[in-house]
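*Asks:* The structure's right below; bear with me while I get my questions together.
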Amino acid sequence: MTELRNLITGFAAIGATDDGGVCRLAATASDKQARDLFLREIGNRGLVPRIDGIGNMFGVAIIEPGSNDVVITGSHLDSQPTGGRYDGAYGVLAGLLAVEEVRERCLANPGAARRNLAVANWTNEEGARFQPSLTGSSVFAGSLSLQDAYACTDGDGVTLGAALAAIGYRGVTPLEYRPVRYVELHVEQGDRLEQVSGDVAAVSGAWMTRKISVVFEGDYSHTGPMPMALRRDALRAAARAIEALYVEVARENAGAHASAARISVYPNSPNVVAGQARVWFEIRHEDEAVVVAISDRFLERIEREAREIGVGISIAADEKRSASSLDRDGVEMVRSVARDLGLKIETFKTITGHDALAIQKCVPASLIFVPSEGGLSHNPREFTTQDALDKGYAVLAETLWRMVTARE
Ligand SMILES: [Zn+2]
């Protein structure tokens, strides 16, 4: 589809980085630029714009004025600092075109539509600038209060509430329809579809993720004269812990994924032994018991190993996102649509977090994946072929049509 390709290319130019990627952190000037363009695209297509208090944007196709119900599709336009052009943007832009296509089909089939349809752009899905991630969709689902979301601060102490106000996206026109179903189309960001040459995946649920942020407390000293045996080096303890995580995951040998991807060191001077370090760890697995076993053993081990070198540890944050299931009927519907379109469909659980998982807490939600080449994501080289993007789009449009016209 030329139109889908052109839209993706157009949005990739906003916040474009020199290496071909996208850096469009939530509620920044480039996010505003992408939002402004999205708002114009909503208007160009005759959809009704709505922006709620946390900045979630909607373009509504009122195809059944007699109904108060709406089926929503969408994803996010924000990105990681080293983002690619498909993560999030694909689902929003394919959603925009699918809403338009389904509306045309409803016009050509009077009486078929039973509910309305909308495309959404959820605020701060990535959680790169503000934590926690999935902010807009969590507020929409009612699992995060608007006040708590506004109070999230970035590294410079700016709150999300202030940042949204600054770019003019603290909206006052919430979606007035009752959401009855949600469908999200996204690139897989892993290589499981590619491994089996699958066209699309109907995602059945999510792995458990435990996010633990650990503070290592040592003591400051001059890097030169302080005798080696007396140093209480927080960075050394952090380094031991990072390696220990890999060792513990390998020892469990259950296929868990884990990372230590962020660190802050104080005072971060070349001439001061680090007195304090904070590391953000993550452990993921389909089976919650595996996550708990690895992480508990890991915490015990790093506490002991830090103590051996005079460093104490404390847990600054410990967030457990439980393994969850997506709506079963939605999985079956996506599977039957894909089969009817002659596509090869897989079903598995997502390792990554998505707005669909947050929305599932209040509305039956579905998540559709298309392959990511090499499984690469959060990387400027993230790539999905046009053929794969088009197949995913076809599944989305047909799924939305069936949801909007279903008699149940
Ligand atoms: Zn995403």
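Heads up, residue numbers simply count up from 1 along the chain you see.
Backbone N, Cα and C define each Cβ position, glycine as well.
When I checked TrEMBL for this same protein, it listed these features:
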| type | residues | note |
| --- | --- | --- |
| BINDING | His76, Asp87, His186 | Zn(2+) 1 binding site |
| BINDING | Asp87, Glu126, His378 | Zn(2+) 2 binding site |
| DOMAIN | 214-308 | domain 'Peptidase M20 dimerisation' |
*Asks:* Quick one, of the binding-site residues His76, His186, His378, which Cβ has the fewest other Cβ within 10 Å?
*Replies:* His378
*Asks:* Round to a whole number and give the Cα-to-Cα distance in Å for the pair His186 (Zn(2+) 1 binding site) and His378 (Zn(2+) 2 binding site).
*Replies:* 13
*Asks:* Can you tell me how many other Cβ atoms are located within 10 Å of the Cβ belonging to Glu126 (Zn(2+) 2 binding site)?
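*Replies:* Looking across every protein chain shown, the total is 23.
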*Asks:* Kindly point out which of the binding-site residues Asp87, Glu126, His378 have a C-beta less than 6 Å from some atom of ligand 1.
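*Replies:* Only Asp87 meet the Cβ criterion.
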*Asks:* Need one number: mean pLDDT over the domain 'Peptidase M20 dimerisation' (214-308).
*Replies:* 97
*Asks:* Neighbours of the Zn(2+) 1 site His76, Asp87, His186: Cβ within 8 Å of the Cβ centroid, same chain, sequence order.
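*Replies:* Along the chain, the qualifying residues are Ser75, Tyr86, Gly88, Ala89, Tyr90, Gly91, Glu125, Val187, His354.
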*Asks:* Which of the three DSSP states, helix, strand or coil, fits His378 (Zn(2+) 2 binding site)?
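*Replies:* Going by the DSSP assignment, His378 (Zn(2+) 2 binding site) belongs to neither helix nor strand, so it counts as coil.
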